[in-house]
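According to TrEMBL, the protein has these features:
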DOMAIN    20-233  domain 'MacB-like periplasmic core'
TRANSMEM  21-41  transmembrane segment
TRANSMEM  270-293  transmembrane segment
DOMAIN    278-392  domain 'ABC3 transporter permease C-terminal'
TRANSMEM  320-346  transmembrane segment
TRANSMEM  366-386  transmembrane segment
TRANSMEM  419-439  transmembrane segment
TRANSMEM  705-729  transmembrane segment
DOMAIN    708-821  domain 'ABC3 transporter permease C-terminal'
TRANSMEM  758-779  transmembrane segment
TRANSMEM  791-811  transmembrane segment
Amino acid sequence: MIPSSLRTAFRQFHRNPGFSAVAVATLALGIGANTAFFSVLNGTLFRPLPYPHQERLVFFTETSATTQDMSVSYPDFRDWLAQQDAFSHLALYKVTDADLKASAQTYRVSMALVTSQFFDVLGVSPAQGRAPAASDDTPAAPPVAWLTHSAWRRYLDGAPDIVGKAIIVDGLDVTVAGVLPASFRFTHDVDVYMMLAPQAGRQFMTARENHNDAYGLGLLKPGLSLASARIQMDSIATRLQHEYPKADADIGIRIERLRDRLAGSSRMELLLLCGAVGAVLLIACVNIANMLLARSFSRAREMALRSALGATRRQLVGQLLAESLSIAFVGGVLGLLLGSWGYTLVDSLLPSQLRDFVGSSPTLDVRVLLFTLAITVATGVGFGLAPAWQTSAVAPSDALKNTPRIIHTRFGRWHLRDLLVGVQIALALVLLVGASLMIRSLHRLLAVPPGIQPNRVLTLQISPVNARIYAEDPMAVPRFYERVTSTVKALPDVADAAIATGIPFSHTYSYSAFYLDGKPLPQPGHYPSASNQMVSADFFHVLGVPLLKGRLFDGREREPVVPPGLKVSESSVAEIYRNFDLSVIVNRKMAETYWPGQDPIGRRFRLGFPDMKLPWCRVIGVVGNIVQHGLDQGAEAEFYYSPRQFPNPTTPYLIVRTRLSPAAAAAEITKVLRSTFPDNPVFDVKPMTERMDDFVAGRRYNMQLFVFFAGTALLLALIGLYGVLSFVIGQRSREIGIRIALGATRAQVLGDVMRHGLALVVPGLLLGVASGWAVVRLLQSQLFEVAPNDLLSYAIAVVLLLVVGAIASYLPALRAVRINPVDAIRTE
C-alpha cells in the first residue's frame, strides 16, 4: 500500500511541475536555513567538547559584593587545592602574550601560564616528551614549556629533536619539555604553555587581594554532582572569609560547567535566532498548506471518483499525505544541501567571539541528519494534514457531477485558509517587531559618543622592553616608547603618534583599588577601584580627547630615582616611590564621583591598600570621558599616568593619527617598525574604527539576520495573502460578474475585495501584537535603550503589514474588476 501511494505521489509531483517546483523551493529554503542554524547550535550547545570526561569539566571564577564574575586570586587557589576533595584534578591558568625567539626570528605568541594539573584536568598527554610534574610547579623550578603542535610546526619547523632543546621566551632560556597532540585545542588559541608557580614570587601573584586574569578548571570526581561540589567550595570560601577578613571578606566561588561557560551569552542568542528561522519555516509551511487547499478544488472530482471505486477516507488521506511527504522529502534533500552551503555564509557573518567558540566547521553528523529528517517529516505532515483531510471530504455520488462539492473546514465564519493567513500575518509581525527593535537599538548604540575621534587612527601592538632589562633599568621603557613614536612620527603620512598600555575597544582591562587622602579608610572588600592606563604625552591629542581642567603631561613630571644596585620589582616599589607623588590625569567620571562639587586638581589618592605601600597619586588634569569597553557600557572612573614616572613593561599599543586612511598607511608603518625594531614583533594592526565595529559586531549580526528573516516573512505573507485572495476571486467570479451586470461599479468591486483582504490581515495583526508582547521580551538582553514594548516598533511593523496587505489585496482586486459578466456567467 505504501509503495503504491508513494508511486502515485511522485506521479502527481511530475504531473504538476510548476506547483511542485514552487512548493519544493519554498520548503528547501526554509529547511536549509534551519539546518544551517542547527549546525551552529549543534557545534555550540550539543557537540561534546574534545576532552575525555567532558561532562565532568567545570570552570571557576570568584565573586564579590560588586561582581559575580572575576578572576581567581592565586593564594585563594592554593588554599582551594589544599582543602578540597571534590575534584580529581584542579588547575589554574592565565593567558597572556610572549615573545618567542626561534631560528634568529622573534614571534609574538599566545602563552598560557598553568599549574601542574592543567593537562590532567583536560585529559591530554603530550605527543612528545613528558607531562608536567609537581616539581615544575614551584617558584624555584627551572623554566620549562610545552608547545602546541601548530606552534612547533610554525615556529620551529617541526624539529623532531625539539624536546630537551632550549627556546627563548621573553628573553628567558626555556627548555622544551614536550609537544602536545595535533588534535588538542584549548578554549583559547594558545601556542606555548609554561608553569605559573615560577611567577608566584611576584607581588601581583602573592597578594591575596589581586585578581589578575587567572581562572580555574576542575575535573569532578566520578559520581559527584556539581551541586555537591558547590556546597564544598562554598564552605571553603566561608572559611577563607573568616581567615582573611581584609582580602576575602566578601569573596565567593562560582562554579559552572565548562560547556556552559564557553557558550555564555551565545546560547540565548543562537536559540533566539533559531526560533526566528523556525518561524520562517512555519510561515513557509502555512503557504504550502494554502496552496494545497487551493489545489484541492481542482482534484475534488478525482477524490470523489476514488471514493466511488471503494477508497476509504483513511486511504484518501494517506494518499494525499504521501504526496505532501514527497514534496517535503525533495525539499528536505535540497534543504540539507543548502544548509551545508549556508553554514559557510552564516560562519562568515558570525562575530569573532562566537566563531572562535564554534571552532571547526560543522560536519553532517548524526544530529544534523536526524534534525533535518525530523523537520522534513514534521513539515510534510504539518502542511499536508489539514488539506488532505479537507480534500478527502467528498461524497462518492459527486464523481458524476461536473463540480463536486468539498466540505470546507470552518471555524465560526472563518475558513481554514483564512485562519492560516492570520497565522502567517501574526508570525511575520513578531519577526518584524524584533527586527525593528534591533534596528532602533543598534541606531541608539551607534549614536553614543565614544569620547574619541576614531577616524584616521591606526592602532597596533609592539612587543615591550624585555623584563630583565626593565628590572635593571626601568627608564629603558619610556626611552623605548620615545624611539617608537619618534620613528613613526618621521613618516610623511603620519600626523601624530602616542603609546598606551590600553586603548578603547581593545579588551584590555587594568583596574587598581585605591583610597582617598583625607578620607576614612574603606571597609575591607569595599575599596573603590578605577580603570588605569599608562599613556605618553600625545595620547589625548592623537585620540582627540579634550582637556577640561588643569594640564596634560608636558615633561614637568618628576622622574623616580632608583637607588644604585636596586632591581625594580613589586617589593622595591615602596623604596623607589617613598616621598614621591605620581602625577595623574583623571577623567570627568572619576572627578565627579570622588570629588563632587570640588576642584579635583591637587587632590591625592593612594594605589592599592595601606600595607602595600604603593605610590600616592596627585591629580594634575581632568579630561573628557572615554568609553573603553563598549558603547553600551558607558564611561567608568579612569586615571592615566606617565611612563616617565611609573614605567610599565606591559605590551603597549601604538596609536597613530594618519594623514591618509589608516589602511593605506598601515603597510608603511609596520614595515618601518619591523625593520627598526626586529626583536620587537608588531601585531594586532587595526584601524580604530574597526575595533569599534568589532564591539557591535554581535548586535549587528543579530540585527541583520532578524531583518532578513522579517523580510522573508513579509514576502511569504504577501504571497500567501495574494494566493488566498486570487483563489477567492476565482471562486466568486460568477458572483462578481452578476454584480457588475447588475450595475456594481469598479470602485465598489475593488473596495469589496480590498476589504476582504484587510479583514484577513487585521485578526492576524491582533494575534501578532498579543504574541509579540510576550515573545519579544526574550530580546531584552540584545536591546540598548529600547524597551521590548516599544510602541514605535510595533507601529512600524503594523504599518508594513497593512501596506503588504493592501498590495496583496489590490492585485486580485484589479483582476476582479476586469471580469466580463457574460464570460463569467457562461463559464459557470
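Including glycine, each Cβ sits where the backbone N, Cα and C put it.
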Within-chain partners of the transmembrane segment (366-386) [C-beta distance under 8 Å, separation at least 6 from its ends]: 27, 30-31, 34-35, 38-39, 42, 46-47, 281, 285-286, 288-289, 292-293, 317, 320-321, 323-325, 327-329, 331-332, 335-336, 339, 409, 416
For the domain 'MacB-like periplasmic core' (20-233), mean pLDDT (0 to 100): 87
Structural state census, the domain 'ABC3 transporter permease C-terminal' (708-821) (DSSP three-state): 98 helix, 0 strand, 16 coil
Close approaches to the transmembrane segment (21-41) from elsewhere in its chain (Cβ under 8 angstroms; 6 or more beyond its ends): 270-271, 273-274, 277-278, 280-281, 284-285, 287-288, 291, 327-328, 330-332, 334-343, 345-347, 350, 358, 362, 367-368, 371-372, 375-376, 379, 712, 716
